[in-house]
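Listed features, source TrEMBL:
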- ASP102: active site, proton acceptor (ACT_SITE)
- ASP6, CYS7, GLY8, ASN9, SER10, PHE11, ILE12, LYS13, THR125: ATP binding site (BINDING)
- TYR93, GLY100, MET101, ASP102, ARG103, THR181: substrate binding site (BINDING)
- ASP122: K(+) binding site (BINDING)
Amino acid sequence: MILELDCGNSFIKWRVIHTADAAITGGGIVDSDQALLAAVAGLGDLPLVGSRMVSVRSEEETSSLCALIKERFGVAVSVAQPVKEMAGVRNGYEDHQRLGMDRWLGALGAFHLARGACLVIDLGTAAKADFVAADGEHLGGYICPGMPLMRSQLRTHTRRIRYDDASAERALNSLAPGRSTVEAVERGCVLMLQSFARAQIEQAQALWGDDFTVFLTGGDAPLVHVAAPQARIVPDLVFVGLAMACPLS
Ligand SMILES: Nc1ncnc2c1ncn2[C@@H]1O[C@H](COP(=O)(O)OP(=O)(O)OP(=O)(O)O)[C@@H](O)[C@H]1O
Ligand SMILES: CC(C)(CO)[C@@H](O)C(=O)NCCC(=O)O
Ligand SMILES: [K+]
């Protein structure tokens with residue numbers, strides 16, 4: 001079995017897959033290294049043969065988590081590294097090492113699944129979009145604040161915007177103009193995300209006509225699906241790219 005880890009800015013997504021057929025045995029989302037160790041240990045004694053990781057965290061945080069995993073589960077962790085080209089995709093950044101590894105792996109995974117031009121919209125702590133042309137050229141992309149960052153900026157920099165998580169969730173049962181602070185903020189931020197997605201799709205249409213595939217991923221993908229009904233929601237897109245970048249066998 002293989003332990004797979006996607007270390008984002010706010011959360012660690014993890015899963016355990018069978019080595020032979022990649023069938024998923026367990027997985028989840030946690031908010032700290034310790035919670036990760038506890039969650040994986042909760043699956044019992046696993047015959048792990050290896051582990052692979054993508055991280056957008058600092059070198060120090062990443063290597064300290066690798067050391068914890070080695071110590072606790074006895075497997076070395078293969079960490080995906082930036083490259084200029086892989087699996088037919090060419091990194092479009094001037095300095096390929098600067099492109100976030102979650103974006104790069106999402107682009108690899110998408111191009112592999114689409115076998116043609118594709119647009120990846122990943123809605124996490126940050127919202128990002130990446131364009132890969134039919135010949136595998138990564139054209140670059142966009143980075144904006146995602147839902148958690150938009151919300152927390154409003155809460156932090158205003159005095160009268162305050163509400164709890166439960167009412168935030170309730171506020172999203174509709175996108176009609178808000179009649180309370182929580183509705184106004186939550187719905188406003190969702191509309192921002194949807195407009196971001198629509199703008200990316202318009203741009204892809206200008207480049208490629210109708211000949212491209214849209215992928216939606218990241219924790220807040222479901223919030224924008226109505227704005228991109230043609231999109232494929234692939235929650236584990238980064239893991240698809242991770243398996244390509246770090247084959248373990
Ligand atoms: N089970 C869940 N646990 C945590 N967040 C969730 C969950 N389901 C949906 N979300 C939403 O997903 C968002 C976080 O997305 P994601 O996990 O993709 O972020 P991240 O990987 O930490 O960020 P980034 O990819 O920008 O580094 C939050 O806004 C949260 O509302
Ligand atoms: C944009 C984030 C924070 C999204 O997780 C990540 O991809 C990252 O740290 N990227 C480095 C900067 C860049 O991609 O240009
Ligand atoms: K991520």
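Cβ from N, Cα, C; glycine included.
Ligand 3 lies under 6 Å from the Cβ of the following recorded positions, listed in sequence order from GLY8, ILE12, TYR93, ASP102, ARG103, THR125: GLY8, ASP102. Within 10 Å of the C-beta of TYR93 (substrate binding site) we count 16 further C-beta atoms, all protein chains included. Take the CB of the residue listed as 'active site, proton acceptor' and look out to 10 A: across all protein chains shown you find 27 other CB atoms. Ranked by CA distance from GLY8 (ATP binding site), the recorded positions TYR93, GLY100, MET101, ASP102, ARG103 have ASP102 at the top as the closest.
Listed binding-site residues: SER10, TYR93, THR181. Those with a CB atom under 6 Å from ligand 1: SER10. According to DSSP, TYR93 (substrate binding site) sits in a coil region rather than a helix or strand. Secondary structure at ASP102 (active site, proton acceptor), taken from DSSP and collapsed to helix, strand or coil, is helix. Under the DSSP three-state reduction, ILE12 (ATP binding site) is assigned to strand.
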